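J.: Encoded as structure tokens, here's the structure I'll be asking about.
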């Protein structure tokens, strides 16, 4: 079975098989627009909300309705890491101040077919008026649940036998910061089998910010595994590595004291430890980066390295080990996105957003060698396939309301599938389920979504999703690509895997150098027949003054010898001061050519600015897109690119 991906529009949700067929597996059309939709990280469920209800789908093609909940105005959905819990956020009621607008539903159990919410009750419900950070945090296997109560972080222990044990009044563990005037604002549980918790406390009243990793144990949590104190930190972003033994913290200030950045200053810190709950010690370092903003930072799936894109454009791209030492650096380039493939074999670096959309694929196992390049302009979503052989790029609304669609690329840089939409809202790959599920034994119940054994399946299950194609000629290109190229011929070069536009007619020359060494191209005159003229120079005269004098004498002598062969040659007459001048006016065609060449030079200047990462106005981007039309107009007027 190949990978699957889903596409959400304002009217329906479509599920597609990936390479090589790209067949549409299922379409869930609704009478009402879909407000929110999300795939579970485990790949077992698809949840979507409308104005009147919330539905959960399951099955190989996500076409079986597992559960229908009669909830109105659900604007956000969230799955736990293992997919056992679905959280729904409703708009808070104005009439009822005690309205519990967040409900947590347990899904890893049998459900009657055509089950509705009247038959079940949520495992937990509470009030969260803000839509920011409203959901509970869960550990990797959903065996711990976390919720922050003012200054206390309370943890409950969960299991399949006690799935609704959300008793935060008698929690399994408590992490409190009542003893200090500073209180942590951000926390994140690690994805390890024996999880730990990282907390961030911003600086306040002259006291430095704190970053601490805590060991999770029953009762009051007091053991610190690793910690780091620093200034210049109003907020932060936390990212654990997949093994859960190291975390990156991007500290952010609201203002840049040097006034070089509108978005504040960035500093990156690394905390790591060894052994269960840090029994072998911890370590904390500040990662040394180039001056400037941090555009992206991400962990390798191996958990042994991480990559950072930082600095003013063109940015510096570096890779580090768990000690914070530089392993490898790439030349500076206009890039702001980095993504490791699921196996860690390939690394994608790209320049999206206000950059030109160039993408490079590096081979981590071959000394970071560049495997392929391609252009994916206007990309708002970029993700690796679960098998690690294909890349999805998409343009979605409301980020961009034009050229909406999805493209699938092979790691070799070849475009293999395209689908365009008038309005595309969301795209995502469906993750494979890494655990064994039960089989249906009772026709009246759904049971094939239940996981009882939490031992992961072999890694070969994920890697077999995408075929390994070493020879590019064996790659099967979907018919949609040819249709796309025929409709957009100017974009053909961006889908050929080399990321460069090849022009017929020799090497590229900038507009100001295209006519160097050649005469003027005059409409209707063969190339090379037109000669250069100097304004104010007598036709037929040379620009060399001495040569003109000799030619005058030679013509006078020849004329006198022809009229009177026996007569003595008369002295040559002085040059006439009233020589005729070239008063011929410039033709309308030449004026038009000059105007078009001026536009071409301006377009070339804008393209050079765009190539180095400068942000262009919308009108300037539109002007670049008129280059092809300008060249066609010049060709019609007889101008040729030499």
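Any Cβ shown, glycine's included, is placed from N, Cα and C.
What Swiss-Prot lists as compositional bias 'Low complexity' is 493-507, 563-583. The annotation phosphoserine is assigned in Swiss-Prot to 564, 567, 572. Annotated region 'Disordered' per Swiss-Prot: 485-593, in sequence order. Per Swiss-Prot, repeat 'WD 1' is recorded for 69-115. Per Swiss-Prot, the feature repeat 'WD 2' maps to 186-224. As annotated by Swiss-Prot, repeat 'WD 3' applies to 289-331. Marked as repeat 'WD 4' by Swiss-Prot: 374-419.
Show me how these features fit into the structure around them.
T.: Under DSSP, the residues of the repeat 'WD 2' (186-224) split into helix, strand and coil as follows: 0 helix, 22 strand, 17 coil.
Under DSSP, residues within the repeat 'WD 3' (289-331) fall into helix, strand and coil as 0 helix, 25 strand, 18 coil.
The DSSP breakdown of the repeat 'WD 4' (374-419) into helical (H, G, I), extended (E, B) and coil residues amounts to 0 helix, 23 strand, 23 coil.
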J.: Taking a Cβ cut-off under 8 Å, which residues six or more beyond the ends of the repeat 'WD 3' (289-331) line up next to it in the same chain?
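T.: Contacts with the repeat 'WD 3' (289-331): 239-243, 245-246, 248, 250, 260-261, 263, 266, 268, 270, 272, 283, 337-344, 347, 349, 355, 364, 367-368, 612-613.
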